[in-house]
Amino acid sequence: MKQERIYLDNNATTMVAPEARDAMLPFLGEKYGNPSSLHAFGGEIRHHLAEAHDHVYDLIDALDQDDVVINSCATEGNNTVLQGVYHTVVRNNAKNHIITSNVEHPSVLNTCKFLETLGVQVTYLPVNKEGIVTAEQVANAIIDRTALVSIMWANNETGAVFPVEAIAQAAKARGVLFHTDATQVIGKLPVSVRDRSIDFLTLSGHKFHAPKGVGALFVKAGVRLPPLLFGGEQMGGLRGGTHDVHNMIGLGMAALLAKKGITDEQTRIRALRDKLESTVLREISDTGVNGGTQHRTPNTANIWFKGVEGEAVLWDLNEHGIAASTGSACASGNEKASYVLLALGIGPEIAHSSIRFSLSRYTTEAEIDTALETIRTVIERLRNISFTYKKG
Amino acid sequence: MAKETLLSKGMWEQYSEKVRDRMNKPGHFGEITKDEAHKANLKLVDVIHGSEACGDAVQLFLLVDKDNVIKKARFKSFGCGTAIAASDMMAELCVGKTIDQALRITNLDVERALRDNPETPAVPGQKMHCSVMAYDVIKKAVASYKNVDIKEFDEAEIVCHCGRITRKQIEKAIIEKNLTTVEQVIEATGAGSYCGSCIRPGGHEEKNVYLVNILDDVLRRTGKKEEASVTTGVRDIPFSELKMPQKLKKIEAVLDQIVRPALAADHGGLEVMDLENTTVFISYTGSCAGCAGALHGTLDFIQKTLQEKLNASITVKPFQG
């Protein structure tokens with residue numbers, strides 16, 4: 001039976017906005033020139049690229065004198081920042097300490113683990129039960145040898161929004177470089193580097209309706225960061241490699257849409273998320289929300305359902321055409337339970353029973369209503385099979 | 001690396017139709033009450049294996065007649081879909097068998113019964129442990145029925161529970177095929193090719209013995225590797241009371257005997273750079289030096305090994321030059 005599919009896994013990836021796709025198509029067709037070329041084939045591309053860059057600069061309120069390097073994704077950006085700071089700061093003077101949190105994306109955590117083998121000392125600040133680290137925690141962890149603070153703006157699993165402005169100020173007050181992985185907050189909440197306390201910001205396009213394979217790295221004017229990819233003089237030498245023209249155009253259009261839609265859409269998405277969450281909590285017994293609900297991206301709900309295993313829930317939801325996600329993969333060799341959820345201080349049995357629903361601007365109220373009905377059915381079936389859940 | 005490792009396979013796409021059907025419509029889930037057993041004049045067995053915290057738990061109910069024949073089996077499960085499917089098949093296989101026959105059902109029987117065709121595994125390797133759960137719960141049920149300790153059913157020492165491969169089989173292969181690396185052992189015996197927990201410490205489950213230990217043992221016994229001096233000399237003095245050179249000697253011996261052979265399998269190595277009380281600072285050499293992926297697991301493994309062999313308070317850290 002062919003069924004309508006409902007996509008509630010937008011923190012993993014999003015649909016490419018039709019406007020972004022349309023904007024890209026000419027560059028997968030007749031406009032195939034290399035913008036580095038002198039001739040007309042190259043020349044006709046350049047003003048389109050300039051426009052795309054303008055949109056990306058606007059998205060985060062960057063100044064013209066800043067560098068916003070369009071790259072492949074936030075993983076690349078995070079590697080560029082961490083490895084770059086190692087080369088410019090750690091290798092050249094006495095500073096050899098990095099502060100981050102214990103719920104960062106693997107592209108930050110695993111790069112930090114790698115830097116540890118090169119002699120960098122890394123402090124992994126534990127999040128509180130709201131799922132965030134505070135500016136005070138960061139301030140207390142800064143020592144004379146601290147080269148960089150790298151704290152995500154929002155977490156992918158819980159949606160918890162970190163007090164990034166205050167953390168950035170705390171780092172700045174001590175003359176420490178500050179980086180934030182803003183991947184999960186772009187297009188969901190306003191993001192601005194206007195107060196000039198953020199030195200590096202990274203983002204991924206496919207989390208806000210740009211295509212996969214494109215992202216951006218903001219480097220504040222005056223801050224030095226060597227390239228990760230050496231090559232030609234593209235991007236002012238900050239990132240070698242022929243311009244990924246169609247992806248850059250796609251990112252530009254997605255950035256324009258994200259900036260434009262931030263207020264209206266986010267009110268609407270927040271209302272839908274709240275409806276989903278509050279209905280589940282009200283109508284299905286023994287459920288709860290992981291992390292704090294105060295400071296959260298408006299599209300994310302991470303809900304636990306007592307007595308059912310996460311992957312089984314995902315399977316059942318998928319059978320009904322609904323895509324969601326769980327941090328717990330019931331497979332050997334993987335993390336037994338999500339490190340992000342365990343970091344909140346919840347028990348592994350809760351972590352194993354947790355499902356993340358993440359909405360987007362394309363999510364409709366009708367979809368949420370259908371999803372709610374399905375969630376009820378699925379949880380009832382699995383609780384019936386489970387012996388760890390006893391009604392009553 | 002190879003093409004297969006570069007593209008991750010979707011786990012769900014590898015489930016057989018039978019697994020899918022039973023995940024969606026398990027026929028044997030449910031409970032058997034004492035009342036029902038009483039009315040039918042049959043003995044009720046009711047056991048639980050696993051826990052929610054581990055992410056996998058199964059409850060098995062059996063109704064057994066006076067001739068020790070299982071008349072009915074039901075299960076309940078807190079687990080993923082494949083755990084539900086494996087439990088369902090396990091329950092079905094139990095029915096009609098005597099208790100002793102049921103004890104001979106292994107996880108491999110459960111998995112084979114779930115195959116669509118004999119050649120293709122019903123689940124990917126990392127999901128084999130779901131069928132091991134199903135097998136373990138039968139053992140527990142039989143032990144409960146017979147009122148004996150579950151240890152009574154321990155067979156020849158099984159190292160790889162997913163593939164039910166014994167220590168003897170592994171040792172035989174190492175000697176006969178002249179194997180020297182743990183990768184060769186996995187290739188030749190199949191042990192460790194499923195969930196991977198039995199290769200070396202640090203996997204999904206803790207084991208009594210790992211492939212790296214067995215390989216090491218055999219290589220030493222057959223004289224292909226020199227005996228380390230871990231068990232000589234200063235053994236009886238508690239580690240914490242040893243002087244620095246003696247501590248270092250013991251650490252080096254353990255590293256030589258257990259850790260370095262495991263790292264060597266991946267063309268890596270390590271050196272002890274410093275020792276402060278019970279904190280060992282190490283530096284990787286060879287391929288380990290640049291390997292970010294090996295870091296958490298490897299560091300944990302080294303620490304666990306030293307804690308186990310020498311002193312529980314030992315911590316291992318990368319050397320900060």
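If you go along the chain as it appears here, the first residue is 1 and each next one adds 1.
Just so it is clear, glycine is given a Cβ too, placed from its N, Cα and C backbone atoms.
Automated prediction, rather than curation, is the source of TrEMBL annotations.
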To which of B:Cys130, B:Cys160 does TrEMBL also attribute binding of Fe cation at the site defined by B:Cys54, B:Cys80? B:Cys130
Binding-site residues near B:Cys130 (Fe cation binding site): from B:Cys160, B:Cys162, B:Cys198, Cα within 10 Å gives B:Cys162
List those binding-site residues among B:Cys54, B:Cys80, B:Cys160 whose Cβ lies under 8 Å from any Cβ of chain A, in sequence order, or write 'none' if there are none. B:Cys54, B:Cys80
Enter the number of other CB atoms within 10 angstroms of the CB of B:Cys195 ([2Fe-2S] cluster binding site). 26
For B:Cys162 ([2Fe-2S] cluster binding site), what is the tally of other C-beta atoms lying within 10 angstroms of its C-beta? 27
B:Cys80 (Fe cation binding site) falls, by three-state DSSP, under coil
Least buried by Cβ count (within 10 Å) of the binding-site residues B:Cys54, B:Cys80, B:Cys130, B:Cys160, B:Cys198: B:Cys54
